[in-house]
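Note sheet for the following structure.
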Amino acid sequence: MEASVEDATETATHVAVKGEAAIKQEFLTTKDAFHGFLDSQWQGSKGEKAAENETQQQKKDPFVDEPECKKPKLDPEDVKKTEKQDKKRFRGQNKSRPHIKPTTYEEKRLCSSVIQKNGECKFGDKCIFYHDVAEYLANKPADIGERCYLYDTFGKCEYGLACRFAKAHTTAEFKTMEKAELVEAYGGKTLVKNSLSKDLQYRLRKRSVIFKKSEEYLKTLSNNKDQKEQQGNGDVCTAEVSAEPKEEIQHVSTEESLPTCPDIQPPVKTVGPLTDADVIKLRPCEKKKVDFQDKLYLAPLTTCGNLPFRRVCKRFGADITCGEMAMCTNLLQGHQSEWALLKRHESEDLFGVQVEGCFPDTMTRCAELINNYTDVDFVDINSGCPIDLVYKKGGGCGLMTRTRKFEQIIKGMNYVLDVPLTVKIRTGVQEKSNIAHKLIGEMKNWGVSMVTLHGRSREQRYTKLADWDYISTCAKLADPVPLFGNGDILSYEDAVKAKETGVSGIMIARGALIKPWIFTEIKESRHWDVSSSERLDILRDFTNFGLEHWGSDTRGVEKTRNFLLEWLSFMCRYIPVGLLERVPQKINERPPYYMGRNFLESLMASQNVDDWIRISEMLLGPVPKNFNFLPKHKANSY
């Protein structure tokens, strides 16, 4: 640690910069001294192997450099002079990042018939995988560790010889061992729900799934459209109509024709005897009730909000969890990757799924599909997604400006669901034109059970702080419907101020990625100085959950590593409480270069991709030779 002290003294004259976090003077350092210390310590602990590691070559690649320091605001005249033609080049996502599938890290795998001992392979001589165990083991990458998490937890590892921890449960005769007591204890238990069955996938692809309630609702929309056209034709030909006797054509609104209770029946045949279906029909007042009041809500986070991460947050006190945003059309087409976003772990006691779409027919059918084939406590509509791919189709934030379609989607999904329907919105599309307050009054009448408001517009993204004054105004308008506020919460003090605005609860997104123990801090009203070793244990739990979820073979290990690195691109922004000059840390403040209290703490403070890879190697072993990584989002959202 002597090197870090010397480097810290070099920066005794460090000048505070606007937008930087306030760190005690003795921990501050320079960029060169910081990276020099990390490189020397890492090579010293790992020896020549670390120096030869191919990840060192990535420093020459401009795509993996750490983000530039935050620049101070310029005068309007200076901005015009320095304005560049491509304003969006340094904003948003890394769209041109290298994307390597985990399957490429293992050219030839062991055939599943050998792993599962199913006898002869059904593909015979055409099978491209290994069937000779000795040949496979000769080409298999070295084992990562001596203990297998799956074997120790569940008594057996379903990946057998393909497991990257196979030594822990393999005999000299290449037989896979089992722990009978643990196998019996977990026998028959379903730890993860909402998986897509092969039968349902086949029927979805063949379009043979029947959406009875959706068709009832969509028929009312079709009838309303026909009636409007008839009424319009009647207005055009008033002279001819007045000469002939005719029945009065009445305009029927969507709300009046919506078959939501026994008193308002759908336009279907109702002649005949009274059946059980007529008597036991579910009314809106009988739908499942969920108590959202004063709950801590982990936001649905694309890429990073996966099931292993939600399990970590659940252990730290998150009350509500929600799956990542899923495209309704992909769910209806039976895409396995999209259905994976709906999976629910048994520890998630209050769980919902978030869907995105822009048309009433697909969204209503998707809601009925989720209602009939998954186990969820609520369904959330994403009308806050700002990305161009979604917005330009009319989804995400686009729904906020298409109120007619938005109304039809909400009412249709409400009609087919037996669980509450919630909506996540932003303040608006344009930065200085808030429209959420207008929508909230309408959504109360449309039947929404809860609204979540992110205090920023689509145009604004993360360039300014969330507008909690506006959220407070909307919370009063939403009453008695619960309204959750979202934006810039990174400490329990931020949470206390947020609750004072009158919201029913708070949603936490980036704050949970930077420090997942924020839920504990809020519930216990304290600042928690989490040590580097404790943070490494949290990451180790995540990797174990990842190996359980994605697999402990090479493919599963590299998939876990990829999601771990995505998370580390946010977690590196955390500054330990003991190093701060002023507590708490603010989410919009970029940390300057500083030395931690030990090497691991300094390593975790690095915003360089190479250092994130080093942390992953501590938990998941060396990266493959052709490994390459760039985070999905650029680190400009401070």
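Cβ coordinates are placed from backbone N, Cα and C, and glycine is handled just like the others.
Here's what TrEMBL has on this protein:
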type     : residues : note
REGION   : 1-20     : region 'Disordered'
REGION   : 39-102   : region 'Disordered'
COMPBIAS : 46-86    : compositional bias 'Basic and acidic residues'
COMPBIAS : 87-100   : compositional bias 'Basic residues'
DOMAIN   : 105-134  : domain 'C3H1-type'
ZN_FING  : 105-134  : zinc finger
DOMAIN   : 147-172  : domain 'C3H1-type'
ZN_FING  : 147-172  : zinc finger
Tally of DSSP helical, extended and coil residues in the zinc finger (105-134): 10 helix, 2 strand, 18 coil
Surrounding residues of the zinc finger (105-134) on its own chain - C-beta under 8 Å, 6+ positions past either end: 140-141, 158-162, 174, 553-555, 558, 624, 626-627
Structural state census, the zinc finger (147-172) (DSSP three-state): 13 helix, 1 strand, 12 coil
Overall pLDDT for the domain 'C3H1-type' (105-134), taken as the rounded mean: 82
